[in-house]
Amino acid sequence: MLAGMISSVRQQLIERLADGEFHSGSELATELVLSRTAVHNHIEALSGYGLEIYRVKGKGYRLAAPLSLLDAEQLLLGRSVPLHLFWQLDSTNAFLMARRERCHSGEACLAEMQTAGRGRRGRPWVSPLACHLYLSYFWRLEQGMGAVGGLSLAVGVMLAQALERCGYADIELKWPNDLYLQGRKLGGILIEMQGQIGEPCDLVIGCGINVAMPASMADLIDQPWADLQGDSAERVDRTALAQEVLAALATGMQQFEQQGLAPFIAAWGARDRFRDQAVTLLMGEREIQGVARGIDPQGNLQLELASGQIKAFGGGELSLRPQWQN
Ligand code: BTN
């Protein structure tokens, strides 16, 4: 059973409604040992978590679409490093950052929803209940901060490969750390770190992947987005997706620790969304225009400027956007 702040009764209600079928008020009341009024009130409250629930006289309650809840039993099976599972958290990144001194490399955290999901550049990350993947992964990089360069690109490759193993072809990457599908943002990576010069550094790698965007949330997102569900009738299995992502991070982080970015460069280049396209690079208040020419061995973006010179940009709070979006 997942832990968290959504009350146990509401968790049980969500678990029963997850199949997307009708459940009558009296059936739910009997199963959960509640009055029908209490069932009704809890159902009303669930709408506050972003769940769309229909009530039809004579039939009962039904979710607008079935949910693929995380299966704790499957996720925990055979794990040697802790995996923390929650119904609700402020942020999976914040959770691991707060306990990083006790964490082991490979320790991870997943939540069904986040109330204060963190995006890059101080933005919120919309994290409705049981819709997407909210996963954070801890790693202690023995070589320290100096070896972190290019990590977000390597993680992008790890996630793209995990998605491809789940059957999603054509995942693309946008420098420095976005996943794209059909030309729209599918997911993002937020790496937070803490460490002293000359010592190992603690990394929390946060991954957000859109699985099935509910209509009620779509307007809150300020850029074109994609989700894995798309028009498919078959529900995306979030547990299988989480397992592939965890496995890809476990293998990929070992490789990054030993060899750095080098083994990921070609795979990144093969998925480069904006290669040879006119882009604008945002650096705080500054905007630089040019043509994206891939990445260099350190993972810097190579931008061809109007003068014809190719200049490398890296680090900091840089953000790229295609010029047609200006
Ligand atoms: C971005 O802005 O593109 C990065 C988004 C990263 C979101 C993920 S969801 C899991 C983890 N926990 C957070 O609070 N943020 C990251």
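Every residue, even glycine, has its Cβ placed from backbone N, Cα and C.
Automatic, uncurated: that is what TrEMBL annotation is.
Look at TrEMBL and you will find 25-44 tagged as DNA-binding region. Mean predicted confidence for the DNA-binding region (25-44): the pLDDT average there is 93.
The biotin binding site annotation in TrEMBL covers Ser91, Thr92, Asn93, Gln114, Arg118, Gly119, Arg120, Lys185. In the three-state DSSP scheme, Gln114 (biotin binding site) is classed as strand.
Per TrEMBL, domain 'BPL/LPL catalytic' is recorded for 78-257.
In this view, the densest Cβ surroundings among the binding-site residues Arg118, Arg120, Lys185 belong to Arg118, judged by other Cβ atoms lying within 10 Å. Cβ neighbour count for Gly119 (biotin binding site) (all protein chains, 10 Å cutoff from its Cβ): 14.
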